[in-house]
Amino acid sequence: MSDQDKHEQLRIGLVSPEQILAWSERILPNGERVGQVTTERTLDYRTYEPVRDGLFCERIFGPKKRGVCACVKPRMMENDKENYNSNFCTQCGVELAIDPRIRRYRMGYIKLACPVVHIWYFKRRPSYIADLLDKTRKELEDPVYCDVCITRPTAKKPTLLRFQGLRPSKYESWAEKIAYYLSWDFGLVQEREIATGGKAIREQLAGLDLQMIIDRSYIEWKEIDEVISILFSEPENLFSNRKIYAQFKEQKLQKLRRRKDLLVRRMRFAKYFLRTNVEPQWMVLCLLPVLPPDLRPMFQLNEGGVITSDLNELYQTVIRRNNNVLQFIETTSAFLIPDLLPDQKKLVQQAVDALLDNSIGTQPVRDSHDRPYKSFSDFIQGKEGRFRENLLGKRVDYSGRSVIVVGPLLSLYQCGLPREIAIELFQAFLIRDLVERQIAPNLRAAKFLIRDRGPIIWNVLKQIMQKHPILLNRAPTLHRLGIQAFIPVLINERAIRLHPLVCAGFNADFDGDQMAVHVPLSMEAQVEARLLMFSHLNLISPTIGDPICVPTQDMLLGLYRSTLQKNQGIYENRYHPNSSKKKIVSPSFYSYDDALKAYEQKQIDLDSPLWLRWGREIDTSIINSVNRELPIEVQYECLGTFYEIYDHFRIRKGRVGEILNKYIRTTVGRIRFNREIEEAIKGLWTYDIRQEMLLFRI
């Protein structure tokens, strides 16, 4: 459907019977109203032409071919030239000048003999109908399927049912109570005093006051909240058996919480109906829309048989049972058998349920091969449904798809793009650059160069890709982080490389997941990708505000291993006179570079303890505990200088106690980790300074 601004959109919701009639009924040029499907037949199997008023009727849904009507007779009759109309056949009622593609969107309708409850709003969880009526789904199931009847309140007027002691709005068995009143006027009694099936549910929904439901539900919710607070405040010491009281208290709390949840749902549903101007009784169908025939096709085989969509079989069942109900209502003899008419209405309800959703019921309707029919819900839901397969899953130009693999060496805003995909996606940009740089004289020569895949092609392609972001998307795109922008990097593999930290936003892992690649073409799309969609700009979850790019378990284990230190500590230097091994002395280094060079030359290990000269101030307040940390050992030298050795650092002091130098206890792994942190902070500080300078210039 289209809104006032002519923007194409799709909205799923409830509509009134009048709106269904406006969509599916129309007036022919001769003044006849068409749109109602009255017969279950589809094609005449002798001529393979659509049957009049059937599921493929050309009067209702439009012609199969332009200019050819259903009667296939000459258009011009010599004796009827005055009444001749080239756009309409007066004999069969088919409009000839209409495009046959109209059979893809022109609808019909079935006028149901009895109202039918919509299964989506009754059997799905939560049940809209059950919650609004403040009943359980099990309580409503018998009235919906005509197993019990509901007595109607008729004010103070005497009724036959009231003489038997029945109270208004009470469920009673159809066969037991109605058998007393069988007569030729039974139809009048039924219409006045009892109701069952969708008609009874529709009357109850029509009598609801939505604003009153909201007010009363809120008052009851507050009362239950007060009761729960009282239960929590009661001391258990007042009761002799605490265990039994605790069980009773927990059961009572669970019951109250379930009631609170139901009240919240009732208020929310009532607000939805009020906000959208939708009536609750529209959840009960009086008119059943019939899909356009091209959306439920029927094909003729070469052998002479016909294959058809499952929807046609389900529609035929609905029409057949609906016609049976109409036939029973027209004959007065039907009222002599009390169970006959309700059973027929129950069959109509079950047929419509199978048409709308064949998977909710206890026993799905099956074909002759014991295969469940595909209902309307099956055609639109899931990965192969109409929305995800045909509407959202269309093929797009300048796009590709491949499996994702981990790329830990990439930056957060980079992704590895296979050469085969990159040269196809950026071929237009590549041809333009080759011609502009005069590497190729024309378009044809540029294509030959690209086909040869020479080194110059890859160099030009790298330069193009550095300036052009790409979009990565993983279906299903449930939130805005499902599609993000990256700077592509050429790789020789055939899979897309992705940084592991961005997988949380995509809800992806590396067990065979695939991602789609898109190239933004317009300048607006490229600006949006750079300013809003880059992965390093989307580090916070849009729903709850928590960080979404957090270190994974592999990273944490790697950091733990790289910063691990051997357990000996400074006691590694202690002298053992009885030991046959030589005394081990931890090496000392003047700078980061000296320690890293020693590690590269394999003189020390990654976790070997070492002393590193530290030119900065040591914050002893962090190291000292409440009792103030004392030196573990003090070593004196012959010239009067001495070392104060602590657990993680040592200080060399002069004769009068002045500090000469400081060394900290660390490892090569910790040095590398500290350097990475310093470079990251320095880069962030430089980025902030540049941003401030840019703002100052502006």
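Every residue gets a Cβ built from N, Cα and C, even glycine.
Sequence annotations record features per position, and here Swiss-Prot assigns Zn(2+) binding site to CYS69, CYS71, CYS89, CYS92. Secondary structure at CYS69 (Zn(2+) binding site), as computed by DSSP, is coil. Of all Cβ atoms in the protein chains displayed, 21 besides its own lie within 10 Å of the Cβ of CYS69 (Zn(2+) binding site).
Of all Cβ atoms in the shown protein chains, 17 besides its own fall within 10 Å of the Cβ of ASP513 (Mg(2+) binding site). Summarising the annotation, Swiss-Prot assigns Mg(2+) binding site to ASP509, ASP511, ASP513 and lists sequence analysis as the type of evidence.
Taking the C-alpha positions, the distance from ASP513 (Mg(2+) binding site) to CYS92 (Zn(2+) binding site) comes to 55 Å. Least crowded of the binding-site residues (CYS89, CYS92), judged by neighbouring Cβ atoms within 10 Å of its own Cβ: CYS92. CYS92 (Zn(2+) binding site) sits 60 Å from ASP511 (Mg(2+) binding site), taking the Cα positions as reference. For the pair formed by CYS89 (Zn(2+) binding site) and ASP509 (Mg(2+) binding site), distance between Cα atoms is given as 61 Å, rounded to the nearest Å. Neighbour list (ASP509 (Mg(2+) binding site), Cβ cut-off 8 Å, at least 6 residues apart, same chain): CYS503. DSSP assigns ASP513 (Mg(2+) binding site) to coil in the three-state reduction, placing it in neither a helix nor a strand.
The most densely surrounded of the binding-site residues CYS71, ASP511 is CYS71 (count of other Cβ atoms within 10 A of its Cβ).
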